[in-house]
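Got these off TrEMBL a minute ago, pasting:
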TRANSMEM  83-103  transmembrane segment
TRANSMEM  164-185  transmembrane segment
TRANSMEM  205-226  transmembrane segment
TRANSMEM  315-336  transmembrane segment
TRANSMEM  348-365  transmembrane segment
TRANSMEM  377-398  transmembrane segment
TRANSMEM  447-467  transmembrane segment
TRANSMEM  494-513  transmembrane segment
Amino acid sequence: MADIKEDVGGHHHQHLILAVESEGQVEKQLHEEEAKREQSSKTKRVASLDIFRGLTVALMILVDDAGGEWPVIGHAPWNGCNLADFVMPFFLFIVGMAVALSLKRIQDRKLAINKVILRTLKLIFWGLLLQDKVVRDTPGDFDNSLSDFYSFILTNGRSRKKQLFFASQRIALAYLVVAFIEILARKDRMKGILPGKFSIFKLYFWHWFVGGCVLIVYLATLYGTYVPDWHFIVQNADSADFGKVVSVGCNVRGKLDPPCNAVGYIDRKVLGINHMYQHPTWKRSQACTKNSPHEGRFRVDAPSWCWAPFEPEGILSSISAILSAIIGVHCGHVLVHMKGHSSRLQQWTMMGFGLLILGFILHFTDAIPLNKQLYTLSYVCVTCGAAALVFSTFYILVRNLKPEVALCLNDNMRYHLDLSLLASIQVDIWNLKYLFLPLEWIGMNAMLVYVMAAEGIFAGFINGWYYDNPNNTLVHWIQKHIFIKVWHSTRVGILLYVIFAEILFWGLVAGLLHRFSIYWKL
């Protein structure tokens, strides 16, 4: 009996040793797998985020190329929020989520900082290179020859005074700020989340502290800056006052109307009026044209500021845009730290609906109007709230394919296992996987589709080839004969052309590149 008891005790001891060794081996394997993931060129991806990114790029193509025929989806002339006004905040929201998901894999702070700085410089470089868009639907813009397209590329557009701020610079600024906050708050990120609905806000206190500082600076400058009278030279050749110096009366503080807001005043002083966008959306406002919201000839009694330039990606509005990225970072933290799908969705939907309600209250009470040009607080709330809900919708359509990941042994291992869980998310519920594949492929190769389709480089190249006259291009022929004539409507034809011949086409191209693991990354 003693021998039997001793043997049983020995087996029990061996089981304990094996359990400890097993736990140690699992932890070792996790670290090895993590190291392999860092060295691997094939970065693990979150399908729902790729789909959201692809949707945003698709929206950009849609509003740019079909917005002329469908003003309701184009940018609002001033106050208000149309479909096009969601594109930039969606991009910034996605940038924030990507920061939270990508920087977690880089443990070396110096290496992380170097990568962030390099990516920021790349964003600025591409913004400068692509500041002048190739016109997709008017091949005559290249003076009817392919050589003019090459000249356009080599000389960075036509010879004129350049803007200094663009969408890429705004994204670069927001990325730089939130990425540095994420790196500097690395110690907080390694801590576990305490029980409670608001514990994740406490864990990332510094993110929200910086967001609060950004908001205070923006509101104080927007409402506290004195805007004096100013003048400009009319650059539009269609105006009877072409070449003349026109004055705009202001002498006010805290106004949010087109001519006398602090956003435009700061840009005129810092950037210079000759380096601002010459065709602002307010030219389609009712004060300027009877055809509003369409473009058209100006009213006889149109105010002088209708001819003035305005920078939609200016300095003060770009500072406010950082808030969109910070909210995106928070949603990324939820994805990393929250363990259950229901808890994640609860966080996202509560924030989404909360921001939407706050934004609409600010707008409809005339406290702070929705305005993309000024990037107002109500605009941040509505667009980021919508972004959180759209992402939640895509997330609902995905499920985890690796339930064994739940076998976590401790908090540290649970953290590492949860990172690998992110790679296993696929569109799978309701058999909608194939419906979303083009968007997912675009999201995987967003930079390529953005440059070639949204910025019109590919279409500009095609438009450089024509037969007999500049309108005999492949793009023009497809638009006219396959879409417009078939539907007997220019508006419907252009819309369908953009959806099928541009968005779906580039989705399939991106899918083919994905098949061969070819991606354009910054």
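Placed from the backbone N, Cα and C atoms, the Cβ positions cover glycine too.
Surface or core, plus neighbours and distances: that's what I need for these features.
Remote same-chain residues near the transmembrane segment (164-185) are listed as 88, 91-92, 95-96, 99-100, 103, 109, 112-113, 116-117, 119-120, 123-124, 126-128, 130-131, 204, 206-207, 210, 267, 271-272, 275, 311, 313-315, 318-319, 321-322, 324-326, 328-329 (criterion: CB distance under 8 Å, separation of at least six residues from the stretch ends).
Residues 177-178, 181-182, 184-185, 188, 252-254, 256, 261-263, 265-266, 316, 319-320, 322-323, 326-327, 329-330, 374, 376-377 of the same chain sit 6 or more residues outside the transmembrane segment (205-226) yet have a Cβ under 8 Å from a Cβ within it.
Same-chain residues lying 6 or more positions outside the transmembrane segment (315-336) and placing a CB less than 8 Å from one of its CB atoms are 46, 88-89, 92-101, 104, 165, 169-170, 173-175, 177-178, 181-182, 200-201, 203-204, 207-208, 210-211, 214-215, 217-218, 221-222, 262-263, 266-267, 270-271, 344, 347-348, 351, 355, 373-377, 380, 383-384, 387-388, 391, 418-419, 422.
Beyond the ends of the transmembrane segment (494-513), by six or more residues, the same chain brings 54, 58, 61-62, 65-66, 68-70, 437-439, 441-442, 444-445, 448-449, 452-453, 459, 478-479, 482-484, 487, 519 to within a C-beta distance below 8 angstroms of the stretch.
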Given a Cβ distance threshold of under 8 angstroms, which distant residues of the chain, six or more beyond its ends, lie next to the transmembrane segment (83-103)?
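Cβ under 8 Å, 6 or more out: 43, 46, 49, 52-53, 55-56, 59-60, 62-63, 67, 72-76, 112, 116, 167, 170-171, 174-175, 178-179, 182-183, 321, 324-333, 335-336, 372, 379-380, 383-384, 386-388, 390-391, 422.
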